[in-house]
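As recorded in TrEMBL, the features of this protein are as follows:
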BINDING   57-61, 132-138, Asp161, Ala265, Gly328, His379, Asp444  (6S)-NADPHX binding site
BINDING   Asn58, Asp128, Ser164  K(+) binding site
BINDING   Lys414, Asp415, Thr416, Tyr417, Thr418, Gly443  AMP binding site
DOMAIN    9-220  domain 'YjeF N-terminal'
DOMAIN    230-503  domain 'YjeF C-terminal'
Amino acid sequence: MKILSATQLKIVDALTIERQHISSIDLMERVAKICAERICSQYTADLPVVVFCGMGNNGGDGLAIARLLSEQNRMVQVIVVRHTEHFSADAQVNFDRLPKSLQATLITVRSENDAGQLHIKENTCVIDAMLGTGINKPVTGILETVIHKINSAPCTVISIDVPSGLMIDHSSGELPDACVQADLVLSLQLPKLAYLFPENKRIVPHFECVDIGLDQQALLEQPSPYYFAERQDIAALLVPRNKFSHKGTYGHALLLAGSSGTSGAAVIAAEACLRSGAGLLTVHSTKQTVDALSYRLPEAMTQTDEHDSFITFCDDLSSYRAIGFGPGVGRASETQQLLKSVIQRFQGRLIIDADGLNILAENKTWLEFLPKDTILTPHPKEFERLAGPSDTHFDRLQKARAFATRYACILILKDTYTHICMPDGSVVFNSTGNAGLAKGGSGDCLTGIILGLLTRGYPPPQAALTGTFIHGYTADLCAEMMSQESILITDVIRQLPCAFKQLESTNKFFRS
Ligand SMILES: NC(=O)C1=CN([C@@H]2O[C@H](COP(=O)(O)OP(=O)(O)OC[C@H]3O[C@@H](n4cnc5c(N)ncnc54)[C@H](O)[C@@H]3O)[C@@H](O)[C@H]2O)[C@@H](O)CC1
Ligand SMILES: Nc1ncnc2c1ncn2[C@@H]1O[C@H](COP(=O)(O)OP(=O)(O)O)[C@@H](O)[C@H]1O
Ligand SMILES: [K+]
């Protein structure tokens, strides 16, 4: 699904009203109904709800939600924060529609003094509907005071569409002073760019996109470089194995990985590769790694390097469809020369990770010679070594986009919402994965999965998207069965078959 800006969302809103022949007040009612249902499904009826409403359409959503919740016999109180003189037209209609019972208990915050006197009781559910996508400057004044009150109250906070105070199209680099810290954000239709930046994790720890039925064609028409990967998009990329195939059909992978003390990285990447569809895998590594592999993964073929501690040379590359370079290789000068020679000699599909990236960072001129659509998988520190520091995550994202375009490569910038930056400047944010992956070896596993998919025949963009999604999806399957604390990357690899199976089940080509 696309990620659109506040301005674009306004346009889609207007086009939906025009094309669906629906009035804006009825669209607001639709939004409110969906949000009220979601709130009712999350919280039991005995939890009191306090709805903070602003003066714009976000406030209008809040006023309608309050009415609908009270119709469900929920204990509801409405607080209107008068940060402007007049309600928007639709908010005014919903204000007038408030039932008498809600009007009787309504609190209006008109001044700093009113705001200072607010008291939010323990164990309430606060619905934050003060500001949405219409925010046009940092929040000050009575809104700021109310926001501080909400943030310091021991209550649960659900923000409608946007945590009030947050600018959705870019990141500030630091937490905005006045911004609601939500427990859950019900994001209308689409995610917002700002939700995907780590610096906003306290403001948006969780968001859910609620489908409010905006016009699909209008959504398609809005140009955007940003996408959010959804399960059905990725499942549709999967290709079944051919009944009349043989191992040669699915290609031969070469993994250049491991050095003294880091054999595990090679073993992890190798196993993940073979569990992601490659027909054949050869691992070229040190003797110690080769010994470990022969024991752990008899399916892999091996070549032992002349050097005992690191890899230095690999003869013929012509029979490989894809090469993975980097997990645990170290940075010895001979290993650096090996990467140089791979870049010079190999014209197939290439993925470079870990120390491979650090070697590139020390030899930036080699970047110009990467085979087209080479996949690079840096974590933030590795990316900083490659492209320099960034002030904010938004800046880092723009740097990553420019990098992918300049070197015609696919840059997978690993993070909670991993950014997959394509050479054409587009970015897909991955939606899967959890903190159980925040452990050594997770990146090696990702490299192995993508290497397997490249070898299997997926074009690099598809391999990057599918591999990143499945890596996180498999970790999410593990997290359903075990604590994130205890997940080992070998657990993730063992669940890969189930993850593929689940994703295949929603792809029509696997069902026929
Ligand atoms: N996207 C959609 O299709 C839909 C959006 N709706 C709602 O409409 C919202 C957007 O509504 P609006 O455009 O009216 O915008 P908001 O409700 O976010 O607020 C706009 C008002 O706040 C004022 N304002 C902006 N920044 C301020 C600040 N820092 N301090 C004080 N006042 C400030 C503006 O001058 C304006 O009066 C969405 O977030 C969503 O909740 C739904 O009602 C209908 C469908
Ligand atoms: N909190 C998290 N949520 C989702 N994914 C995570 C989280 N922490 C780590 N990951 C994922 O785990 C992987 C870690 O990669 P990396 O740092 O290279 O690990 P290593 O070098 O130890 O193998 C990345 O794919 C990253 O996106
Ligand atoms: K809000």
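Just so it is clear, glycine is given a Cβ too, placed from its N, Cα and C backbone atoms.
In TrEMBL, annotation is done automatically, which means it is predicted and not curated.
Counting only same-chain residues at least 6 apart in sequence, those with a Cβ under 8 Å from the Cβ of Asp415 (AMP binding site) are Pro198, His379, Pro380.
Considering only the binding-site residues Asn136, Thr416, Thr418, Gly443, Asp128 (K(+) binding site) has Asn136 as its nearest partner by CA-CA distance.
Comparing CA positions across the binding-site residues Asn57, Thr133, Asn136, Asp161, Ser164, the one lying closest to Tyr417 (AMP binding site) turns out to be Asp161. On its own chain, Thr416 (AMP binding site) has Pro198, Lys201, Gly433 as residues at least 6 apart in sequence with a Cβ closer than 8 Å to its own Cβ. Between the farthest pair of Cα atoms in the AMP binding residues (Lys414, Asp415, Thr416, Tyr417, Thr418, Gly443), the distance is 14 Å. Checking the binding-site residues Asn58, Asn136, Ser164 against ligand 3, the ones whose Cβ sits under 6 Å from it are Asn58, Ser164.
Predicted-model confidence for the domain 'YjeF N-terminal' (9-220) is 94, expressed as mean pLDDT. Cβ crowding, taken as the number of other Cβ atoms within 10 Å, peaks at Ser164 among the binding-site residues Asn58, Thr133, Asn136, Ser164, Thr418.
Report note: the AMP site is defined by Lys414, Asp415, Thr416, Tyr417, Thr418, Gly443, and the residues of the same chain whose CB lies within 8 Å of the CB centroid of those residues, excluding them, are His379, Leu413, His419, Asn430, Gly433. Only His379, Lys414, Gly443 of the binding-site residues listed as Asn57, Asn58, His379, Lys414, Gly443 bring a Cβ under 6 Å of any atom of ligand 2; the order follows the sequence. The subset of binding-site residues (Lys414, Thr418, Gly443) lying with their Cα within 10 Å of the Cα of Thr133 ((6S)-NADPHX binding site) is empty, i.e. none. Taking the C-alpha positions, the distance from Asn57 ((6S)-NADPHX binding site) to Gly443 (AMP binding site) comes to 44 Å. For the recorded site, Asp128 (K(+) binding site), the DSSP three-state label reads strand.
Ligand 1 lies under 6 Å from the Cβ of Asn58, Thr133, Asn136, out of the binding-site residues Asn58, Thr133, Asn136, Lys414. The Cβ centroid of Asn58, Asp128, Ser164 marks the K(+) site; residues of that chain outside this set whose Cβ lies within 8 Å of it are Phe52, Gly54, Gly59, Gly62, Ala129, Met130, Leu131, Gly132, Ser159, Ile160, Asp161, Val162, Pro163, Gly165, Val180, given in sequence order.
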